Amino acid sequence: MKPVKVGICGLGTVGGGTFNVLERNAEEIARRAGRGIEVAQIAARRPNPKCDTGATPITADIFDVACNPEIDVVVELIGGYTLAHELVLKAIENGKHVVTANKALIAVHGNEIFAKAREKGVIVAFEAAVAGGIPVIKAIREGLSANRINWLAGIINGTGNFILSEMREKGRTFPDVLAEAQALGYAEADPTFDVEGIDAAHKLTILASIAFGIPLQFDKAYTEGISKLTSADVNYADALGYRIKHLGVARRTESGFELRVHPTLIPSDRLIANVNGVMNAVMVNGDAVGSTLYYGAGAGMEPTASSVVADLVDVVRAMTSDPENRVPHLAFQPDALSDHPILPIEACESAYYLRIQAKDHPGVLAQVATILSERGINIESIMQKEAEEQDGLVPMILVTHRVIEQRINDAIAALEALEGVSGPVVRIRVEQLN
């Protein structure tokens with residue numbers, strides 16, 4: 001059979017890795033796909049010194065690839081929202097299958113893109129958009145298809161995980177570790193997407209849609225970053241038997257779905273609590289299988305290329321099949337997607353870590369306990385430290401049982417109004433993941 005002809009748009013880290021893997025493992029890939037996969041054209045603004053593209057035609061215009069009649073599959077690896085969106089729609093319009101690693105594109109424009117792809121009978125594959133080299137999308141969409149997924153939780157941004165790991169292991173401050181992450185290339189010059197949870201929210205949006213069979217709704221995901229975390233809270237969490245991770249959590253409830261990204265205390269004996277550095281991990285809990293864990297490199301040249309090429313193999317296998325018999329993009333048929341709402345954060349339920357800076361006066365603890373009790377908030381554990389020499393304040397650390405967030409909001413407002421409490425109350429959510 002003739003090889004399938006692929007056009008790669010973007011020859012940066014992932015694009016270069018994809019080209020190299022396709023070239024190096026060409027024979028093995030052909031054996032798996034049933035026919036060869038040939039890179040027939042590349043769109044790139046500049047060469048990649050880590051790639052020997054040889055005689056492969058190169059253009060500076062990505063739309064040359066989308067409009068090339070010889071190309072069967074367009075691989076979109078340019079990133080961003082605008083140009084990538086236009087490129088993918090043009091490729092679909094021209095009847096080409098698409099493989100992308102662009103989580104922002106899928107999270108924000110995926111509903112539109114998948115609808116256009118169905119109209120044209122083409123495939124859009126996006127395994128590499130979440131957690132790099134970990135095939136977690138395929139695991140949820142296909143491997144766990146017998147299950148009603150109850151919840152999933154993931155460390156899905158390597159930059160944030162590197163920062164929190166360094167803060168815990170070496171006692172370093174957030175600004176100090178962020179500067180190193182930027183120097184090492186883990187974080188961008190503008191690290192907002194990584195440290196404020198936007199990148200993780202893109203990925204969580206995709207995972208939740210596949211797990212629960214709901215439309216992509218990135219705009220309804222609650223997002224909270226790690227830039228305000230202090231070494232003190234990392235250390236207190238450690239003393240209580242927890243690790244702080246920047247976690248994406250999606251949960252099915254009777255009222256709707258929770259979709260939230262935020263710093264989270266996890267018991268230190270959980271496997272996911274011990275995922276350190278730039279590595280990623282995703283836990284998925286299904287009613288039949290129980291809890292499963294998927295771990296690996298969440299980024300990088302060839303780990304991400306591994307998922308891109310795996311998608312290419314799947315596309316080659318499925319491109320001649322009847323579109324009605326293909327695995328749906330979001331695991332469920334479009335007319336079977338749930339319309340249950342995404343819950344606002346105030347309606348979500350969690351346990352909470354609260355750090356209160358109390359004045360060294362008698363009766364403050366009793367006042368705190370009364371405020372929590374009046375709002376139906378039960379305390380699981382409490383830790384009081386010695387008064388700090390600098391300002392005479394006593395750090396009071398509480399861990400509550402699970403409760404609706406609105407009650408915690410009300411309690412924090414009342415606590416901060418107490419004369420015996422100084423400054424804002426620190427609140428970090430707690431998940432047992434069992």
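Even glycines carry a Cβ here, placed using N, Cα and C.
Annotation source Swiss-Prot lists active site, proton donor at LYS203. Summarising the annotation, Swiss-Prot assigns NADPH binding site to THR13, VAL14, ARG45, LYS103, GLY300. Swiss-Prot lists VAL14, ALA33, ALA43, GLY300 with the feature NAD(+) binding site. What Swiss-Prot records for VAL14, ARG45, ARG46, LYS103, GLY185, GLU188, GLY300 is NADP(+) binding site, and it gives similarity to another entry as the kind of evidence. The Na(+) binding site annotation in Swiss-Prot covers GLU127, VAL130, GLY132, ILE134 and is backed by similarity to another entry. The L-homoserine binding site feature in Swiss-Prot is assigned to GLU188, ASP199; the stated evidence is similarity to another entry. Annotation comment: Swiss-Prot describes 353-429 as domain 'ACT', evidence class sequence analysis.
Recorded features from Swiss-Prot, shown on the structure.
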residue : record                    : DSSP class
THR13   : NADPH binding site        : helix
ALA33   : NAD(+) binding site       : helix
ALA43   : NAD(+) binding site       : strand
GLU127  : Na(+) binding site        : helix
ILE134  : Na(+) binding site        : coil
ASP199  : L-homoserine binding site : helix
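Counting every protein chain shown, the number of other Cβ atoms lying within 10 Å of the Cβ of GLY185 (NADP(+) binding site) is 9. Taken residue by residue, the domain 'ACT' (353-429) breaks down under DSSP into 23 helix, 28 strand, 26 coil.
Looking at ALA43 (NAD(+) binding site) and ILE134 (Na(+) binding site), their Cα atoms lie 26 Å from each other. Of all Cβ atoms in the shown protein chains, 19 besides its own fall within 10 Å of the Cβ of ALA33 (NAD(+) binding site). Secondary structure at LYS103 (NADPH binding site), as computed by DSSP, is helix. Nearest by CA distance to ALA33 (NAD(+) binding site), out of the binding-site residues ARG46, GLY185, ASP199, GLY300, is GLY300. When Cα-Cα distances from GLY185 (NADP(+) binding site) are compared across the binding-site residues THR13, ARG45, ILE134, ASP199, the shortest belongs to THR13.
Comparing VAL130 (Na(+) binding site) with the residue listed as 'active site, proton donor', their Cα atoms are 5 Å apart once rounded. Of all the binding-site residues listed here (GLU127, GLY132, ILE134, GLU188, ASP199), GLY132 has the Cα closest to the Cα of VAL14 (NADPH binding site).
Cα of ILE134 (Na(+) binding site) to Cα of GLY300 (NADPH binding site): a span of 12 Å.
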